């Protein structure tokens, strides 16, 4: 107590101190300045950017842990039209679009939720029930409150095939001939029952089949001569005493396996049903004009099967029509048995059947060669021993098929049998093993370190990492296999960037499986995305021409290879520090060929989507040209057309209205207007190709890459 006081420890000041990061806040702009890159990505406006969406018709079922049971209600929607549903878009936080979040969103307010029919909520998720006129089965929709300016295929699937197509009182609603631009396109119907972004995480959430009052869905062609005259009828219906099936698998025919132009019958074609009770709750009707006896399901529905232990597992099948006399059509294996080619099969031609996965095929008709994807890896430090010849690539589909089912055709369905075996499922382990065949062995962490997250997208996160030996920075895109809406699209990230190299395409070094994540190592472009420039600065016509020239060179190369990017926008254009422009984000691309000349899946980002994509018409490489035209408007006006409107409403405007225009036409030269008019043509066959646009006089205004550098300096000062 009275001892000698201890000497106070002296702490010296920092030595060799230097300010490397100078942060501040601009009160006029109300923005932070000088933030480090990883901080800026968290505070930037990119969170408000619309996310791309995919067609849910080919979502792959996998085995997942069950979520707690969601109880449904019987409320019906207040309004029948799509407008009543679009009102809620402005009230939803865009942060809910994050596909990598670890928790469920908070429970939405009851006022907004009451606009959606036949649902109740729990932890922010809404469960829907629709009653099909072709099937006395209850189909459960586990959905999440939709997000502002973030639209996925789940949303638009229901946007097309929704339960809101008629008034609450069940009166039929007809589309008039003048309601849409294309006389042959399908009407858009709005059901905004949104699936959560972590779609597979919630597919298996219902632990038992429930019996509730549902809605009877009557979809039929009207007797009018106009191809747009449909009648939609919803009538309340209860089936007391009728046993619901608790084991069922849903089959879709919204495939892109061939040039089928049946615009009216491209509906859910069949259901493969397992009954737990002896009474079959199934009706069949003959589709007009086809004589096909088949049950129907609402498109995009998730059919659940009850596991004996109470866990629910879902199963999907994706056959195409080939046997008009069967209740479940047989897959055309002449088309389905393809060498596993991810750009072709990974996007929207990945057929599945109730008892068999696709087999390998020896020929695929590409533009110049069979493109069986030899193991190409850039000769660099990133090179690791990998599969080098096409013969070493085992067909992923046949590999997965060999793990489960050996039969080559679909057996006839037994609607009343409770002992039928359940359709085969692709487990996570099987899918991971298939993906392992096309990536390189090894762990990139052996030669990379200092991982810093700089961005986040709908499929994964992006980090920068440093090569240990050279100090070179690379970008690493990390995608969790268990958190994808469509796992097959992950193959695009690997194969397209690996096999197609161009000066204006982001270079991929290698890809790996690290645990349950796909890691794609690619070049790091320090200049960031074009979005930063168009948002914070204004571009002159020389700079616009420079960007267009580089993007058109990349598109011309890809289109000649039969590759459709399907997500052209400023977010997909990256810049180097010296102003060079490169195309990136190939996760939503598709391959076309002589055998598969058109696509029909709903893929893209709403504001940039071409009218034919929204209208569900068969499309080709022309959709990228339309999206590029929208991106030109984005470079002129700072945002795409209709950007102040909710995604669905903007899509309806794109579908029904004349091509969008620049806000201030008087500020645009006649040469640029003419260039834009060649891209924003509603009729795809009249739209200019990338090669044709490369010869346009406007592109002669293009300057060197250095003319873009001042723009990067400007937005960094904001």
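Here the Cβ of each residue, glycine as well, is placed from N, Cα and C on the backbone.
Here Swiss-Prot flags 567 as active site, proton acceptor. Residue 567 (active site, proton acceptor) falls within neither a helix nor a strand when secondary structure is assigned with DSSP, and so counts as coil.
Taken from Swiss-Prot, the feature compositional bias 'Polar residues' applies to 226-244.
As annotated by Swiss-Prot, compositional bias 'Low complexity' applies to 359-371.
Per Swiss-Prot, the feature domain 'CRIB' maps to 11-24. Away from its own ends, the domain 'CRIB' (11-24) comes close to residues 32-36 of its chain (Cβ-Cβ under 8 Å, at least six residues beyond either end).
What Swiss-Prot lists as domain 'Protein kinase' is 448-699, and the listing cites sequence analysis. Mean model confidence of the domain 'Protein kinase' (448-699) amounts to 94 (pLDDT, 0 to 100 scale).
Positions annotated as phosphoserine by Swiss-Prot, on the basis of a large-scale study or a structure entry: 104.
Sequence annotations record features per position, and here Swiss-Prot assigns region 'Disordered' to 1-29 (among others). Residues in the region 'Disordered' (1-29) partition by DSSP class (helix H, G, I; strand E, B; coil) as 0 helix, 3 strand, 26 coil.
Under the heading region 'Linker', Swiss-Prot lists 25-447.
According to Swiss-Prot, the region 'Disordered' annotation covers 96-119 (among others).
Here Swiss-Prot flags 226-245 (among others) as region 'Disordered'.
Swiss-Prot lists 264-296 (among others) with the feature region 'Disordered'.
As annotated by Swiss-Prot, region 'Disordered' applies to 339-371 (among others).
Same-chain residues at least 6 positions away in sequence with a Cβ under 8 Å from that of residue 567 (active site, proton acceptor) are, in sequence order, 52, 585, 587, 588, 589, 603, 604, 605, 608, 627.
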